[in-house]
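Data first, discussion second: the structure below is written as structure tokens.
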Amino acid sequence: MTADAALPHTDAAQRLRDWLRPHRRVFVLTGAGLSTGSGIPHYRDETGAWQRKPPIEYRAFVGDPRARARYWARSFVGWPAFARARPNPGHAALAQWQARTPDTALVTQNVDGLHARAGSRDVIDLHGCLDQVVCLDCGAQRPREAVQAELAARNPDWTGLDAALLPDGDADLEGLAFERFVAPVCEACGGLVKPDVVFFGENVPRPRVAAAQQALAQADAMLVVGSSLMVYSGYRFARAAREAGLPLALLNRGVTRADDIATLKLPADCAATLVAAIGD
């Protein structure tokens, strides 16, 4: 697939304003392209292809101790940079717009929690948030920061390593003795713990899907920001919107899975376009 030619954000903003004008109940779905302005890299290039190896799958995390140790080692090194990420002007513009138009629904595929930190309310974090860790056996939860301290105490030789940040908050580390890294366990029962996010091969929890579906049923339009929609968990809502006869706008620099069903496609910078179109 070939990406569309980039559109100046000023032109995109005017077209987005015109498109939004008749709508009061917009269902907004955001993806990784919105958070690149906060220093969190994108999963895919502008053609929709993976820019690097796909993230770990749930089956490997649960069933392969070395794969699990590798994940936690990379997460340990990458977490400080991920935790320092702050909302960018695009997040702020959406929060301001949501405050002015209270019937706006905000659903995100991102796991960074930046919408809530920007002031958005009632955000549906479709894939969860990395700031919490959950036990797969007893369900106990802990803040990710507490787990970071535990990992530092158990793995002092890994402290101070540095590597490029990846989209899921881990670091681009290879070729190390990952089997020596001591992964965390549940404080309550000693069971396996994982970040409270949806891994590849895992299903989005039904209550989140139901909440998003209910929000879409009440909407009069859908806007996608910064997502290629290559993952079905997001694409399903774009398809459902069009099947319901709702207008669908895509603000994304590259190809999306819904290009052929959209009523408006804006291949422009997400944050700059949002600020110019809907920011205070």
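Count begins at 1; order follows the chain as displayed.
Even glycines carry a Cβ here, placed using N, Cα and C.
What TrEMBL lists as domain 'Deacetylase sirtuin-type' is 5-280. Positions annotated as NAD(+) binding site by TrEMBL: Q109, N110, V111, D112, G226, S227, S228, N252, R253, G254, C270. The active site, proton acceptor feature in TrEMBL is assigned to H127. What TrEMBL lists as Zn(2+) binding site is C135, C138, C186, C189.
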| note | Sequence-ordered, the recorded positions among H127, C138, C186 whose CA is within 10 A of the CA of Q109 (NAD(+) binding site) come to H127
| C135, C138, C186, C189 excluded, remaining Cβ within 8 Å of their centroid (Zn(2+)) | L136, D137, G139, A140, E187, A188, G190, G191, V193
| Whole-number Å distance between the CA of C189 (Zn(2+) binding site) and the CA of G226 (NAD(+) binding site)? | 39
| task | For C270 (NAD(+) binding site), just give me the three-state DSSP call. | result | helix
| note | Within 10 angstroms of the C-beta of C186 (Zn(2+) binding site), the count of other C-beta atoms across all shown chains comes to 19
| remark: In chain order, residues whose C-beta lies under 8 angstroms from the C-beta of G226 (NAD(+) binding site), counting only those at least six residues away in the same chain, are T30, G31, A32, G33, L34, S35, T36, G90, L251, N252, C270
| query | Mean pLDDT for the domain 'Deacetylase sirtuin-type' (5-280), as a whole number? | reply | 93
| request: May I ask for the distance between S228 (NAD(+) binding site) and C138 (Zn(2+) binding site), taken between their Cα atoms and rounded to an integer number of Å? | output: 35
| note | Cβ atoms other than its own within 10 Å of the Cβ of Q109 (NAD(+) binding site), all chains, total 23
| query | How many angstrom lie between the most widely spaced Cα atoms of the NAD(+) binders Q109, N110, V111, D112, G226, S227, S228, N252, R253, G254, C270? | reply | 21
| remark: In all the protein chains shown, the tally of other Cβ atoms within 10 Å of the Cβ of H127 (active site, proton acceptor) is 21
| request: Work through the recorded positions one by one (V111, H127, R253) and name whichever has its CA nearest to the CA of C138 (Zn(2+) binding site). | output: H127
| task | Identify which of the binding-site residues V111, C135, R253 has its Cβ surrounded by the largest number of other Cβ atoms within 10 Å, counting every protein chain shown. | result | V111
| When you put H127 (active site, proton acceptor) at the centre and draw a 10 Å sphere around its Cα, which of the binding-site residues V111, C135, C186, R253 have their Cα inside it? | V111
